[in-house]
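Enquirer: Sharing a structure with you now.
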Amino acid sequence: MEPRAVADALETGEEDAVTEALRSFNREHSQSFTFDDAQQEDRKRLAKLLVSVLEQGLSPKHRVTWLQTIRILSRDRSCLDSFASRQSLHALACYADIAISEEPIPQPPDMDVLLESLKCLCNLVLSSPTAQMLAAEARLVVRLAERVGLYRKRSYPHEVQFFDLRLLFLLTALRTDVRQQLFQELHGVRLLTDALELTLGVAPKENPLVILPAQETERAMEILKVLFNITYDSVKREVDEEDAALYRYLGTLLRHCVMADAAGDRTEEFHGHTVNLLGNLPLKCLDVLLALELHEGSLEFMGVNMDVINALLAFLEKRLHQTHRLKECVAPVLSVLTECARMHRPARKFLKAQVLPPLRDVRTRPEVGDLLRNKLVRLMTHLDTDVKRVAAEFLFVLCSESVPRFIKYTGYGNAAGLLAARGLMAGGRPEGQYSEDEDTDTEEYREAKASINPVTGRVEEKPPNPMEGMTEEQKEHEAMKLVNMFDKLSRHRLIQPMGMSPRGHLTSLQDAMCETMEGQLSSDPDSDPD
């Protein structure tokens with residue numbers, strides 16, 4: 001039924017005709033997410049009529065039908081202004097049983113009404129900044145958090161739980177004040193960690209899950225997304241012993257998530273949200289990833305269970321096949337693996353054995369090939385600076401932050417970006433808590449080491465001499481042409497002579513020489529003026 005006909009029926013006020021018109025409209029547009037511009041004014045008129053009835057109170061008998069129509073029209077951005085009012089939002093919050101000013105409904109609420117109201121609120125908060133502001137002012141997050149805390153005691157349908165969590169996610173994603181309120185005032189990390197444990201159906205010390213059912217997967221992903229929103233700066237925050245224990249408890253549940261498969265084809269998506277949240281944990285809490293007890297069939301390395309680290313590495317390999325949104329795909333898992341390797345020697349040595357095994361092929365450039373090392377070295381020259389930074393950082397840590405070792409595995413040309421950023425172009429080693437790892441060279445590498453081009457990282461075929469057959473006069477002529485070309489480029493500032501500062505940073509040659517001379521003068525006691 002057309003919006004104009006439905007609006008006409010509403011204006012007549014005849015209940016049966018109105019109900020039938022709304023039901024017909026709902027059936028026809030249940031899967032409509034885009035709308036015809038030609039009927040925009042009719043839809044806006046219908047929305048205003050619905051709002052007037054909503055604010056006065058919907059008939060209990062046909063409440064679900066009215067809310068379904070509101071939900072459909074709330075997808076239309078041209079109708080948002082009508083619905084995004086304080087009175088409309090309050091009415092929807094009351095039907096969803098999350099209005100802060102209302103007493104809890106004594107009798108069990110109508111779950112169909114509650115669900116439709118939640119869906120309407122999700123649509124409005126997603127698309128309307130005004131609705132976002134009003135929802136924050138109405139403190140809807142308080143009653144939502146209360147209901148999430150009741151999931152252990154009261155049985156709510158899957159869809160109600162899912163849209164409770166979806167609304168929490170939208171509010172925390174779009175409103176900084178709601179994010180802080182849930183984190184601090186409502187103890188959101190503890191609340192949602194408990195909800196995650198309930199959803200997974202495991203305790204931290206129990207055996208890992210095998211497959212998480214579809215509905216539990218959907219709810220778990222929403223919980224992970226909300227937790228990500230409210231803990232995004234936890235990695236930078238100093239935490240006390242109580243908070244550290246809570247984050248470790250959360251980490252053990254995330255360990256279950258990493259090891260579990262999701263029903264259907266959502267495993268990679270599920271693991272993606274898990275890895276995103278792992279990246280928010282305080283660094284000292286990542287030790288839980290290596291705390292899994294050894295059991296039959298587990299992957300042991302240096303007496304430590306590496307099942308979780310191996311699963312994260314397998315996830316990284318899958319993500320490296322992505323061709324779009326590479327930063328979102330690989331940066332989180334690379335960051336988690338980097339910190340695990342930096343802080344835990346067994347993890348670093350295990351990852352190095354998998355990613356940077358002893359070099360044998362010395363005739364292929366490090367970025368060429370299908371090995372994990374080759375793919376990561378290719379990322380070191382990616383256009384996205386964040387992608388190349390995390391890839392280089394990961395490989396650098398696997399090399400125990402040793403510059404010669406890093407160059408050996410990646411080539412100086414690929415390594416130059418990180419070395420320049422770290423002030424290590426002249427070599428050396430940054431401060432770091434690393435033991436002296438052995439880096440055993442293969443026989444193939446030792447034999448070819450003297451012939452390896454450090455810039456490309458491989459043995460280069462000897463190129464032909466371009467001056468072969470030239471007379472001395474011709475050679476001198478070509479040399480002067482080259483000098484003149486460089487001089488012209490330099491004078492027009494297309495290129496600039498560079499040098500190495502005493503601190504290991506690339507700088508202009510003139511500045512580098514000045515800094516070197518200043519350093520020599522300051523260290524020479526005889527150079528002080530009289």
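Placement of Cβ uses the backbone N, Cα and C atoms for every residue, glycine included.
Take a look at what Swiss-Prot says about it:
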MOD_RES   S435  phosphoserine
MOD_RES   T440  phosphothreonine
MOD_RES   T442  phosphothreonine
MOD_RES   S501  phosphoserine
MOD_RES   S522  phosphoserine
MOD_RES   S523  phosphoserine
MOD_RES   S527  phosphoserine
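Help me see these features in their spatial surroundings.
Expert: According to its DSSP assignment, T442 (phosphothreonine) is coil.
When Cβ atoms from all protein chains are considered, those within 10 Å of S501 (phosphoserine) total 19, not counting its own.
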Enquirer: Sequence gap of 6 or more, C-beta under 8 Å: which same-chain residues meet both conditions with respect to T442 (phosphothreonine)?
Expert: P358, L359, R360
